[in-house]
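Here TrEMBL flags 33-55, 75-96, 103-121, 127-148, 160-180, 192-210, 322-344, 359-377, 389-409, 415-436, 448-467, 479-497 as transmembrane segment. Here TrEMBL flags 37-503 as domain 'Major facilitator superfamily (MFS) profile'.
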């Protein structure tokens, strides 16, 4: 029904040119240093996503310290989680200009600074700026490169690699919750945030491990994918990827012209520097500064050109209809996963299941099974006979069904079963970078996935308040699940409709030509 992952996101225009010059595959692709990238991404998920999952501990301390309303205090953690994802498109610009390694290192320092400055907070509004914005932006600058680098280093086992790295979120939720609880008890919440800031400096180490692939390595990666693909026919989703690729030719020609102009500028500066060797040391120092500034300007202009063309130029990602449908899906999906964590405790209290829930909380069931779901779905998706797209859709259908069915469950056992299914099916989060790369290709992954996580951030930021607003109107938790589930279903329908439209377009064109 849908194209396999080898058929999606790569240009099939002329395979003969590629096949005529075989390139020796890089041993670091799908092996070697690639597993260090997975380790780096795993630690990033522990330190960033795990810490954000444990903010409930600090939230209670802030309520007691500042004596503000729950709604106002909750915005601190919501801002941090939302901004981490919403700044995705902006972080894509940083990656285009500086690369993943430098972006992640700068983000690690910014995240640590946010934690440390928050230790001196005098009110909740101070935390909005230091923790919500500063630490949130820093988290985003590390999170996106961690996902993108795994996509660049893996082809055959991308889904498994992404699954293993994103399990750090589940492990981090347990580790960081226990750590913050211990630190707050022993040292107080201010010292706890200061210590956590020092721990967050390890994000710089994770960024240093993100060794970039050379252009030759990227070419060899593309060759391996093309040589392993037996069926290179344009199927349903490949048409959407070819739109990006064909439009990308124009942007590449513009890039070459810009590079030629930039090289002339640098050559002129170097010529002046060579000719001025007999001048004073002060003039030589000025020329070196001019050369450095010129090189920096060239890098910034080139990175901005790539970023701009991805969003607004001829090779705009928004010309890909399936990718646009993917964005619409992301706007509704994340809030449906967050809402059970918010309302489950109230549902347990409503059905008098608190004693059983205290023994083994339902939210813990979701978190534990979620870890296994990511790995298992990743292994299944990497099987040669299985389409990642179909696994992704099946997991979404299972999750939305569970969201709609959860309010109907009134016993602890039935709730536990549904929560386990929610945890397992939500493991599709590890497939999101893989599906994105299949749709747009490796070159556009940073900018494309930046848009997707931005949509997820908006969903995470607005979803919980929306659910609370529904409860204030209906005075029932059931409607929060039903409405969010229906909106989620709308997003899935968009994913189903667009590939069908893409598949019908060639037939419609051929019919018109026949009439002419």
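Each residue, glycine too, has its Cβ placed from N, Cα and C.
TrEMBL: automatically predicted annotations, no manual curation.
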* Would you kindly list the residues that approach the transmembrane segment (415-436) from elsewhere in its chain, counting only those six or more residues past its ends and only Cβ-Cβ distances under 8 Å? => 5, 147-148, 150-151, 158-159, 162-163, 165-167, 323, 326, 337, 340, 344, 347-348, 353, 360, 362-363, 365-370, 372-378, 381, 388-389, 391-392, 395-396, 398-399, 402-403, 405-406, 409, 445, 448-449, 452
* To do: Using a Cβ-Cβ cut-off of under 8 Å, list the residues of the same chain that are 6+ residues beyond the ends of the transmembrane segment (389-409) and lie near it.
  => 1-3, 5, 8, 237, 329, 333, 336-337, 339-340, 347, 377, 380-381, 415, 417-419, 421-422, 424-428, 431-432, 435, 438, 477-478, 481-482, 484-486, 488-489, 492, 495-496
* To do: Using a Cβ-Cβ cut-off of under 8 Å, list the residues of the same chain that are 6+ residues beyond the ends of the transmembrane segment (160-180) and lie near it.
  => 34, 38, 41-51, 53-54, 56-58, 146-147, 150-151, 153-154, 192, 196, 367-368, 370-371, 374-379, 381-382, 427, 429-431, 433-434
* Structure fact -> Across 127-148, 192-210, 448-467, the most C-beta pairs under 8 Å with the transmembrane segment (479-497) come from 448-467
* Local confidence of the domain 'Major facilitator superfamily (MFS) profile' (37-503) - pLDDT mean -> 78
* Close approaches to the transmembrane segment (127-148) from elsewhere in its chain (Cβ under 8 angstroms; 6 or more beyond its ends) -> 40-41, 44-45, 48-49, 52, 62, 75-76, 78-88, 90-92, 94-95, 100-101, 103-104, 106-115, 117-118, 121, 162, 165, 203, 206-207, 210, 433, 445-446, 449-450, 453
